[in-house]
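Record features, source TrEMBL:
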type     : residues  : note
REGION   : B:1-24    : region 'Disordered'
COMPBIAS : B:9-19    : compositional bias 'Low complexity'
TRANSMEM : B:34-56   : transmembrane segment
DOMAIN   : B:116-329 : domain 'ABC transmembrane type-1'
TRANSMEM : B:120-141 : transmembrane segment
TRANSMEM : B:153-173 : transmembrane segment
TRANSMEM : B:203-226 : transmembrane segment
TRANSMEM : B:259-281 : transmembrane segment
TRANSMEM : B:308-329 : transmembrane segment
């Protein structure tokens, strides 16, 4: 790759490492601090001196898992995110392919629509969608969230997948056409199998977006048993009497699976994002 | 709908074609492009139902006085015998023209201009810091350096944490009584700060949070851009005797132009619309003074007496600002000869 390799004096090497170590520490410190705090007894979480370890215990984890609705919220979040992801991919894969391969009337305006939809602030659709959901009797259901998240997921997935399909050589389509495959079977039998990495990354990214959403969840959900994590965690830290002994272990329990998957996928993620973003 | 001349001129290759008379333009386009259209139809329908219809409805609502108390078209009462009787709601929401917009922009209702200033400060400082720090880290990571892989993984950690979790984590750190930030301040002999009781310190906590969680994206995107710059250019510059700074300004920055243009545009839009950080970290404290436009609209719609129409008008104003920004930005780039 285009890595620049020049001779560096020792002094500059030390400075470089120093800068990187400092920023890495800043990047990791908050997570580490939450982890360490989650292991402290409830009455010592906000003690008046900085202590890394203070009678470490797993009590907070036990409490948050057994005394709160955390597990329900976790499950709700998984369900919502999974459905959003599947729907997003299913609906947008063909469109992404058509946008990548065919130059049809309406293509440019469609691409612009996707781009503009992605800049819609949550504030603009949330009121009308809330109205629609309440007319359909869907307020306080997970379904309403899946539908609302599709407004974000579908344009996003289409855009990402178009970017990925662009990287698959067109010669493959032409060869398939010579072999007598129509455009639909080319798509299903040639392109989809090749696009699996791109599909995986798009699915994953959609999952994370739905997983971390706060505004729609806060507006649509009303009862404890329906909360997703983005809303449920807010109930741990109301304006007064914040229960950090619940929040900190919950934060760690949410972060561990998300971070593991993220670290596995991140290398592909960036390629996909850049391809989708720059080849528009 | 923009019809590309190239496609219209292309000979139709589709199967069913009436040989008797020359096919019309639309028919010809249909036979050529039917499969492409068939492939995009599901998405178009979904977008129509979930985005276009709500958008149109939102625009409509913004011209009414819809709120929590007048949202019913009919008032139904139970009558003796078990049935219900409905009469039109005398106080139903009605069309009020531009009243909402006037009320917002004159500051008669809500805190639009305060939130506007907050939004500008918030967006500008976050994006500038994201870009500057991200670029600095990308340049450092682009060198052959021991432990590069480890640094990269550690630096990317904030991206792996869900945004709302990061928001809670930083709120914990900025906790006024014995939060880590205040403990650190007192340990070096400074006074603890009541972060959330003053507008700018409160906004500062949110900016710190957002910068922390947004830098990795910039860093990784810019690192990708750096690696696509040909090493030959650097060699040539070096042979011409360019100093490292000159190489950075004349080779690195121009080489990053396409990536920078995209990530700055995306970053600006994302930050402008960034809901969870302000909503969860500052919660608008003190007294709504750190609300940005997006969170302000949300609170108008869903907290206290729900002012749906007012919030819709807010949303429209926010959207029009973003559209103006995106168009201006694109114009600026194309004037500089960018083919984006």
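Cβ atoms are placed via backbone N, Cα and C, with glycine included.
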I'm a bit unsure how to read this: which one of B:34-56, B:120-141, B:203-226 has the highest number of Cβ pairs shorter than 8 Å with the transmembrane segment (B:153-173)?
B:203-226
Does the transmembrane segment (B:34-56) come close to the transmembrane segment (B:120-141), meaning at least 3 CB pairs under 8 Å for residues 6 or more apart?
no
The transmembrane segment (B:259-281): which same-chain residues, six or more beyond its ends, come within Cβ distance under 8 Å?
119, 122-123, 126-127, 130-131, 163-164, 166-168, 170-171, 174, 205-206, 209-210, 213-214, 217-218, 221-222, 224-225, 253, 290-295, 298, 318, 321-322, 325-326, 329, 333, 338, 340
Residues of the parent chain within Cβ reach of the transmembrane segment (B:308-329), under 8 Å, 6 or more residues beyond its termini:
58-59, 61-68, 71, 93, 96, 100-101, 103-105, 109-110, 112, 265, 268-269, 272-273, 293-294, 296-298, 300-301
